[in-house]
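Student: One structure, as structure tokens, below. Some questions next.
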Amino acid sequence: MLRYAVIACAALVVFAGALEFSDCGSKTGKFTRVAIEGCDTTKAECILKRNTTVSFSIDFALAEEATAVKTVVHGKVLGIEMPFPLANPDACVDSGLKCPLEKDESYRYTATLPVLRSYPKVSVLVKWELQDQDGADIICVEIPAKIQ
């Protein structure tokens, strides 16, 4: 019996630190998978190293057609949301998406994110949104991260 208790406790320790991506208000879609290059999903936060570029993808299913898709990114530090400017916010260009997006289909959005040397070494909750032509969130994903 003690052996099973030890195994259960060890499993809780492993899963307690596992990285979780959470939905932050998806309206017309649902993300099914998030993959971040070099991210250790056994940790509570994804480590983003300064002066590198991170590649990632989000798989999602769409419940309504979208004629245009815009990427909006914020970083939340100490409860304060700060916008993250993107060189190309048009998610229909160079991101694996071809607009218009059809309803009841699945898609993979891909992006690269520069982690600049000037960024402070801090824990941040990255809020990644894909918005439709009306500004409604198709998907909204929160990614716990730590800049090092």
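The backbone N, Cα and C atoms fix where each Cβ goes, and this holds for glycine too.
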Student: Based on what Swiss-Prot records, which one of C9, C24 is disulphide-bonded to C140?
Tutor: C24
Student: Which site among C24, C39, C46 has the most other CB atoms no more than 10 Å from its CB, taking these as disulfide-bonded residues?
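Tutor: In terms of Cβ crowding, the pick is C46.
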Student: Among all the protein chains here, how many other CB atoms are within 10 A of the CB of C92 (disulfide bond)?
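Tutor: Looking across every protein chain shown, the total is 18.
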Student: Spatially, which candidate from the recorded positions C39, N51, C140 is nearest to C99 (disulfide bond), comparing Cα atoms?
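Tutor: Answer for the nearest of the recorded positions: C140.
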Student: Whole-number Å only: compute the distance from the Cα of C39 (disulfide bond) to the Cα of N51 (N-linked glycosylation site).
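Tutor: About 16 Å separate the Cα atoms of these two residues.
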